[in-house]
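One structure below.
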Amino acid sequence: MSQEMGELTQTRLQKIWIPHNNGNSRLQRRRGSSIPQFTNSPTMVIMVGLPARGKTYISTKLTRYLNWIGTPTKVFNLGQYRREAVSYKNYEFFLPDNMEALLIRKQCALAALKDVHSYLSHEEGRVAVFDATNTTRERRSLILQFAKEHGYKVFFIESICNDPDVIAENIRQVKLGSPDYIDCDREKVLEDFLKRIECYEVNYQPLDDELDSHLSYIKIFDVGTRYMVNRVQDHIQSRTVYYLMNIHVTPRSIYLCRHGESELNLRGRIGGDSGLSARGKQYAYALANFIQSQGISSLKVGTSHMKRTIQTAEALGLPYEQWKALNEIDAGVCEEMTYEEIQEHYPEEFALRDQDKYRYRYPKGESYEDLVQRLEPVIMELERQENVLVICHQAVMRCLLAYFLDKSSDELPYLKCPLHTVLKLTPVAYGCKVESIYLNVEAVNTHREKPENVDITREPEEALDTVPAHY
């Protein structure tokens, strides 16, 4: 490599990060997470509220979000511990005077707390979400004492809902499919679960504005119509509050797609800001016809600032917003190069990217990890919106898809997001339903799988083995 080319590459100092394990490989010495961890002590997020108040929904979404931004988080659902300990018969298990059941429930809570300790203290977890009713001051005091003994921070999330229609809808969507009610009559399930709620109501002690004024918490009233926040103490708690104040449960669909095929796509070059190819323009009109056929009410459309997404959106004949955060990943010195040219001029960089595609940062460019941080405001906007179409780019779409489908950082850079295909995401109880719609306009394949040999000393043909044909 020439001296001129060498100067383009980042310095060793800029590439160093703390390895995820104790390995001594050259890559591990150069690896680094550009995103700092904002918690100096592990955090326990404690759910509070009666059954059918959306606690598990909140727990699942919050965990997905925190993992996506790079904070290792895990849900500990007490219902799962209880089902492993004893089979469910009916609501009588939850009667406040059922002493045998009370003992079992406490033992389950202690078992879950033991697993929380293992996760936060021995498995590099940063946030544990304790998903249970935790409706009594006695139970919350037990948790607070546990957290104090182990040096964990505590943040409470209480979900309060008195709207019978919302409660009934939650029971219909979630509880009818619960493992507690397999093969049970629908009406009997509803009757039993309402009686279960009554059992909890007897001893329910909500967080108190005066008695609990020293605690950190957020109260969510009637699925987000009102909030009360108290003593937010650190960055993670602040981000949690911000996130929870943006999510909603209104039925909607999120449409994700890439721009139409571009001129640089045809030439096998990454990045750049070229316009659409002839087939790309054909796709733009096919997309317009598809969106019209969906009959979507109040559709909001977002694009990046790049020509190829704007040209794709123009064909829709709808208003659209340009979001700079949706711009494609910055390939730095590799912008508008083919994979063959990157291998020729920067073989070491090409290998390092294959070794850790999520954290690798292009010289003078970005990593997928950087891109996730850039896209966080987009996620907040998507959570706030109802029906929305996002016309973006391959790396950007992978990051957004990883959030909605709860994919790991290892899976994220290899998610398949082909050209001329729309992904329709419909949020459901604890996840997303995905429909893939190919609009029948041919395009080049831009998906490159991870090659078998990722060593720096590999032969060029091994490095280029998985490069797709661009014709």
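Heads up, the Cβ atoms here are built off N, Cα and C, so glycines get one too.
Per Swiss-Prot, the feature region '6-phosphofructo-2-kinase' maps to 2-250.
Residues annotated as N-acetylserine in Swiss-Prot: S2.
When Cβ atoms from all protein chains are considered, those within 10 Å of Y57 (ATP binding site) total 20, not counting its own. The ATP binding site feature in Swiss-Prot is assigned to 49-57, 170-175, 350-353, 394-398, Y430.
The Cβ neighbour count for T133 (beta-D-fructose 6-phosphate binding site), using a 10 Å radius over every protein chain in view, is 20. Annotation source Swiss-Prot lists beta-D-fructose 6-phosphate binding site at R82, R105, T133, R139, K175, R196, Y200.
Annotated active site per Swiss-Prot: D131 (among others), in sequence order, evidence recorded as sequence analysis. Under DSSP, D131 (active site) is assigned to a strand (E or B) in the three-state scheme.
Its Cβ taken as reference, C161 (active site) is surrounded by 18 other Cβ atoms within 10 Å in the chains shown. What Swiss-Prot records for C161 (among others) is active site.
Residues annotated as active site, tele-phosphohistidine intermediate in Swiss-Prot, with similarity to another entry given as evidence: H259. H259 (active site, tele-phosphohistidine intermediate) has a Cβ environment of 29 other Cβ atoms inside 10 Å.
Feature annotation from Swiss-Prot assigns active site, proton donor/acceptor to E328; the stated evidence is similarity to another entry. When secondary structure is read from DSSP and collapsed to three states, E328 (active site, proton donor/acceptor) falls in the coil class. Here the Cβ of E328 (active site, proton donor/acceptor) has 24 other Cβ atoms within 10 Å, regardless of which shown protein chain they belong to.
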DSSP-derived structure type at R196 (beta-D-fructose 6-phosphate binding site), helix or strand or else coil: helix
Mapped DSSP class for A351 (ATP binding site), helix or strand or coil: helix
Length of the line joining the Cα atoms of H259 (active site, tele-phosphohistidine intermediate) and E328 (active site, proton donor/acceptor), in Å: 11
Site of maximum Cβ density within 10 Å, from binding-site residues A351, A395: A395
Between R196 (beta-D-fructose 6-phosphate binding site) and E328 (active site, proton donor/acceptor), the C-alpha gap once rounded to whole angstrom: 50
